[in-house]
Amino acid sequence: MGQGDESERIVINVGGTRHQTYRSTLRTLPGTRLAWLAEPDAHSHFDYDPRADEFFFDRHPGVFAHILNYYRTGKLHCPADVCGPLYEEELAFWGIDETDVEPCCWMTYRQHRDAEEALDSFGGAPLDNSADDADADGPGDSGDGEDELEMTKRLALSDSPDGRPGGFWRRWQPRIWALFEDPYSSRYARYVAFASLFFILVSITTFCLETHERFNPIVNKTEIENVRNGTQVRYYREAETEAFLTYIEGVCVVWFTFEFLMRVVFCPNKVEFIKNSLNIIDFVAILPFYLEVGLSGLSSKAAKDVLGFLRVVRFVRILRIFKLTRHFVGLRVLGHTLRASTNEFLLLIIFLALGVLIFATMIYYAERIGAQPNDPSASEHTHFKNIPIGFWWAVVTMTTLGYGDMYPQTWSGMLVGALCALAGVLTIAMPVPVIVNNFGMYYSLAMAKQKLPKKKKKHIPRPPQLGSPNYCKSVVNSPHHSTQSDTCPLAQEEILEINRAGRKPLRGMSI
């Protein structure tokens, strides 16, 4: 081997594992950290050991093997035994764009990010329901300022950026907000959640009982009407709900009103509160009761019309069932699954619409094949007198319900019915596994977040210092600042990070 080949060879020690390659290989990706190792003055810019003739980096050796192979082959693959965030950090350190990951490994690389987005989508209330934390904390038992700030940030935007208690409002606002919003924030929050759950169940039970004949006796009523020359008494009969059910509903509404007002007053972010669909449901379910009580004493015709309309829209009370999503993880998982599977549901609707249109048309003409000459409309021997009627039959058949109110009576119609049933099974079976997988993913993430131990303190890594082995000093020492190949963007980012840390030094860190 010639002397020129020896001078082109370079040794890189990453985490105790030595890697050998050629400088020409490192030059294939200019502007990256490894490309700077191929420069003549790299010995003064990185941690170089002249005795071992190697550069040292205290990084993950297994990930570096894949990164070095990217320089050799031009294809960047993601190791299956490395967590996604770790691989992402290594790519950022070596200055490699994540979009260079091969398509075969992109799903593996994106898996961790999708999981993080799924966890973040669960929103404010944490899924950690540790009994020890619940018993230890209360609205008056708070931890340090960091715990209060973290709790407030989880639930909404904080009015106190520094998280320090300063006054009655700043101290009690996040606690009372968590008391009514986060059932797992404290022991007393659990009591409030149990009370809310009890009133929800009582209200829904009362709503259902009000429709039973046993609780709606028929009473005789009289009404005096004004006529041209006097008055006229009109007798009529009307179903009237038992009074005790109205009283029970009134007690439930009083609790819901108190809960809603407390959440409105102590909400840190009023705009986000108004946009929340559950809060809109709470308001819509409460309002008709007060309007009905206020208008029940009026005798005008307009008031009676409005009162009759309010009695019709009592069904909005059933929407309170959605309040249970605050207390049950499974319901939240189902909601996130439905939102995440919107594309699959749209695809299913499109497939069903196409199938309904096709088979409704086919069954209409198939049933007309056997029509008698004296019955040109085929109304005597078939239920399918037109195509729109066939839409109902096609929907029932493709969804495998089969009510039996409409069915084909000719051999050609039976053949179309069989094809319609088979097509419906295949159409529904295609998007269902995707929806089931989404539910399984969200449920596993919810269980993982529920069992995740509470982190007391978060370690803040020390920023790279000037002269550090992992610090790229090319921007400081190199006289070239003109092109991307002569400028180290990684060093620029690290210098900006040091400058930011120098302007606002962190506790326990020396700059």
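Quick reminder: no glycine exception, Cβ is built from N, Cα and C everywhere.
Note that the structure is predicted; figures quoted are calculated from it, not measured.
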Residue from Ser160, Ser468 to which Swiss-Prot assigns phosphoserine: Ser160
Listed residues Ser121, Ser341, Ser412, Ser474, with the one flagged phosphoserine by Swiss-Prot: Ser474
Helix-strand-coil residue split for the topological domain 'Cytoplasmic' (332-344), DSSP-based: 12 helix, 0 strand, 1 coil
Other parts of the chain folded back onto the motif 'Selectivity filter' (400-405), taken as Cβ under 8 Å at six or more residues beyond its ends: 383, 421, 424-425, 428
